[in-house]
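According to TrEMBL, the features are:
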ACT_SITE  B:146  active site, charge relay system
ACT_SITE  B:222  active site, charge relay system
ACT_SITE  B:255  active site, charge relay system
């Protein structure tokens, strides 16, 4: 692991790091904020998965998470959204290829070899974080925005017990039922929709996966709400499955980091409340 | 005045606006955050002047000021740092020309016609803000970063009584005594150093100008501290002039927005304490 940059911030260190990923076969970059802490302490980890077109840097610069993470003692990890590099296959569209990995392990050429963001986020990067940072990997939470909200929900649903706390900002809740998702899942996985279900939060819940509870914020002025995000499908799935979900429609908010940063401290508080109590009872 | 963008944030509106400036002869862009407020209320205004290479957007995206401004009821205004446009003279260097107006009214060709950032910030833009936003122009504070800290200090010193509160992040405190300043002031004003004194915070204090009090944060790991910023000169000038200055050296912080955002809430609190009490006693 190499240090790209480290800046002192809110009494801790905001770092950007890179490493050679075995899963993607590329150099991958991610950011980690480590809050001030006592020597030898192990801190809970909050994963933040980013949306379409983003790298680690969008939330790192605009997310306004550091004040709350410093106050509550939370490590904040922000991965990239796809493999990068000149040799990596891409697509001209913003919603497929680089910057649009959709947190799947691709099964179709030419993507299958490098677009392995599911395994990267579920296995390879957690191992690296556990080894290189003062992280208590028994206390993890996960959140994300839009495509990254989809990532957070599906990864948490597929890995019961791993995440003490789960939330999302304006998530894509059912990629099987929206244009972004249908394009990505058919492109990366192929036409057999049975293989798509493990990448669809609503389908996973329908198939029996569960979350301890859930916080979702969604802006009412979000241009993608009606056709892509379809928050109502998640509310319905949670209701049917008795998952206690707080799904908050936020009046007048859009899909931008102005929306995310407004509610970031709330989400960090939600995670901190659960991560602190998790193993200390 | 035209609206470039408005986004809901922290219960208020983060806007970006443009207008045809009579001072610069160009289209000028700036950002304004208006916090949630009661209909008809007039709110105090905090000016934030940006540093070299910046536009309004750096602090708007990375400054983390909205939470505190929403809590304290402060309007936050972030102007650009120079005129812009294809017809505007420029220099290849990052520290002269576009993005480096140094908040002066230039006297040398080819700059004098358009590089009128002093008059723009002191007169034209305040008038526009007063007319178009719910701003109480009797309650103004000013702050800024680096070149913008220089701007905030010198504008406040030259306009006694206008600003109830003054602060700065890593300001250039004496452009007459550092490479950035000597290049800019000689280039914009000419070789007669007597004309430079009204653009030098330490010289203005030496010449009798005063501030009610002052908050400055300066990182100890700031690469520009020793040769360009020279915080010690300001501390000395304030001491000699009996200006009660809190100049805080912040251990391990650099010159970036990671530093600025860390102490932004402190500065907004400093301004809010003074602006709220100013006219309500």
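FYI, residue positions are counted from 1 along the chain as it appears here.
A Cβ is built for glycine as well, from the same backbone N, Cα and C atoms used for every other residue.
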Rounded distance in angstrom between the Cα atoms of residue B:146 (active site, charge relay system) and residue B:255 (active site, charge relay system): 8
Rounded distance in angstrom between the Cα atoms of residue B:255 (active site, charge relay system) and residue B:222 (active site, charge relay system): 5
Neighbour count (Cβ, 10 Å) for residue B:255 (active site, charge relay system): 22
Neighbouring C-beta atoms (10 Å sphere around the C-beta of residue B:146 (active site, charge relay system)): 25
CB within-chain contacts under 8 A for residue B:222 (active site, charge relay system), separation at least 6: B:170, B:229, B:253, B:254, B:255, B:259
